[in-house]
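Note sheet for the following structure.
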Amino acid sequence: MKTLSEIKEILRKHKKILKEKYKVKSIAIFGSYAREEQKETSDIDILIDYYEPISLLKLIELENYLSDLLGIKVDLITKNSIHNPYVKKSIEEDLIYI
């Protein structure tokens, strides 16, 4: 099981690729990994914002890329997809930007 520090380092090293290939403007970790309460079975929750909208297929490709890169299942959401104010507040409380 990777630590939060290891995950942050991997994501930092790949920021350029994420920006160029997937148009990622910002990337942040939230949820159990951000709170350092993860278990062996935990996935990693990642929030992205992008420079220009990407297609659903590209979003799925990015989620798979990140899962392979980190060796952990990634649950990826976009900043613009959070419409419920309570969910948004809960996510914002955990966010760790890379």
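Just so you know, the numbers here start at 1 and follow the chain as drawn.
Cβ atoms here come from the backbone N, Cα and C positions, even for glycine.
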Candidates ASP68, ASP75, the one Swiss-Prot lists with ASP43, ASP45 as binding Mg(2+) 1: ASP75
Between ASP45 (Mg(2+) 2 binding site) and ASP75 (Mg(2+) 1 binding site): CA-CA distance (Å): 5
Averaged pLDDT, computed only over the residues in the motif 'GSX(10)DXD motif' (31-45): 95
Contact set, same chain, for the motif 'GSX(10)DXD motif' (31-45): CB under 8 Å, 6 or more residues outside the stretch: 1, 4, 7, 70, 72-75, 77, 91, 94-96
